[in-house]
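Heads up: the structure comes next, in C-alpha cells.
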C-alpha cells in the first residue's frame, strides 16, 4: 500500500459523498455496539408489564414481547452481527489468500488440485450447506463464524490466484527468485503486499455478505440462538408480532440494510480508487 | 463444436462424483444409527440385523457408497426418517412449485433488467442512472427475508391486497389464485436478481458503447435507440448467459429463504423443514439435486455461450 493509493481513496471519497456517509454509519454502529454497556437497560431483563410497548421517550425503540428494552437489544445484537461479520471475513480472507497465492505461485498439480477443490465447493449451494452444518454441529457463535468463514473463501481464492499469476511474472519477483529466496518468503514478502488492494476490496465486500448470511441463518433459527441475539435472530422473533408490533421487525432490518449497504459502497469506492481503469465505468 | 461440448461434459462428471461423495458423507456422518429409522417397536435383534444387511451397513464404507450410488442412479434416494415416505417422491412432489417460482422470477428479471440497465448505461452518471444504481445497491444489500416480511406487512397485513403465505387458498384450484399467492415471493426474487444483473449489464453496455462499431453507426446517422437495440443489445446478451450461470447458487439460496418466509410449498421449504427435523435422507437428496442443478446449469450456460459466440470454441 503506497501513498498514491491512499490519496486515490481520499480523492474518491471527496467525489463520492456517499462514501463518507457509509464510513460515518459504520463508525457510529461500531461505537454504539462497543458502548452498548452504557445503556440504562439490561437487554435480557424481562418486564412483563412493559410487553410490546411502542417506541416512546423512555424506550426509544419500544419493548419486545418479553418487555425487554429493544434499543439495548439492538445494540447488543449489533455487537454480535458486526463481530460475526468481521471474524468470518478474517477466516475467509486468510483461507482465500493462502489458497489463491499458493495455487497461483506454485502452479502445476498443486494449482490443479486446489482449483478443482474450489470448483467442487462452489458447486454445492453453500447456503444450504451452512444450514446443514449448523444443524449438525454444536450451536454457538463460534460455530457460525467458522461455518460462514469456511464456506465463503472460494471466490477470493480465484481472484487472488489470477492476480498472483500476473504479479509473479514481474521483474522484482523474478529477481527475488534468482537471488535464492524461498517460495514462501517470496509469497509473503513480494506477492501479498502487491495484491493487497484486491484483498482489501474483497474483504470489504466479504463482510457485507457474511453479515447477510449470519442474519439469514439466524432468521431461520439456525444461527445465533437465545440467550444471545443478533439482528437476524431479532427478526426471527419479530416475525410473529408483525401485525401488533411492526417496529420490532423494521428496526433490526434497517440496521442490517444500512450496515451491508455501507460495506458494499465502501468496497466499490476502494475498487475504483485502486484500479484507475475502473474509474470510467 | 462437438469436441467443445464433450470436453465440458467431461469436466462435469468428476464434479458430480465428488458431490455424490459429499452427499453420502452427509448421511454417514449424521449422528445416530441409520438402521434405527427402520426399526419398529415389535422387532427383535435378528430383524434389526437383517435390515442392517439389507442396507449393506455391515460392509466396508466404499461398498456402502457404491451400493448407495447404484440406488441413487436408479432414482432411489431412500426414505425420510420422519414420515418414512420415499425421498424422491417427496422432492419431485415439491419440484413444480419451486420451478414455477424460480422460473417466473428468472424470466421476469431478465425482461426487466436488460432494458433497464441498457437504458441506465446509455445515460451514464445522469440522474436516472444514479437513481437506478442506488436502487440496485439497496437490492444487493437488503436481507431478502426482511424485504419479504416488509412486503407481507404492507400488502397482506395493512392493505389486505394479497395473501401472505402458501401457494393456494384452501378449496381453490384456479391459476389466478396461484398467481396471487406468487406475486409477493416473485417480487422478492425479482428485486434480488434485477439488482445483481443490472450491475453487470450496465457496465457491459457502457463498454460496448465505447466500441468502434458503435461510433461507425453514429457516423452513419443512427439514433441512440437504434444503436442500443439493434447492435449493442446482441453483444450485451452474451454475458447475460454467464451471469445466469453464475447467479444460480444465489437463486437456489434465495429459494430456500423466500420459500420459508412465504411458506411456499417448494423444495426450499422442504429442505429447511428437513434441517429442523434432522431428516438426513431428505437433506442429502436436496443437496444432491440442487448441486446437480448448479452443475448442469453452468454446463448449459457454457455450451450456450460456445454456440452463441463462435470465438469461444477455439479457446481453452
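First residue shown is number 1, and so on along the chain.
Heads up, the Cβ atoms here are built off N, Cα and C, so glycines get one too.
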Range annotated as transmembrane segment in TrEMBL, from A:118-137, A:218-237: A:118-137
In TrEMBL, which of A:168-190, A:191-213 is labelled transmembrane segment? A:191-213
Within this structure, do the transmembrane segment (A:118-137) and the transmembrane segment (A:247-274) have 3 or more Cβ pairs under 8 angstroms, counting pairs 6 or more apart in sequence? no
Other than its close neighbours in sequence, what residues sit by the transmembrane segment (A:143-160), given a CB gap under 8 Å and a spacing of at least six beyond its ends? 84, 87-97, 99-101, 103-104, 114-115, 118, 121-122, 126, 129-130, 133-134, 137, 195, 198-199, 202, 206, 209-210, 213-214, 217-218, 223-224
For the transmembrane segment (A:118-137), give me same-chain residues lying six or more residues beyond its boundaries with a C-beta closer than 8 angstroms to one of its C-beta atoms, as numbers and ranges. 99, 143-144, 147-148, 151-152, 154-155, 157-158, 213, 216-217, 220, 222-223
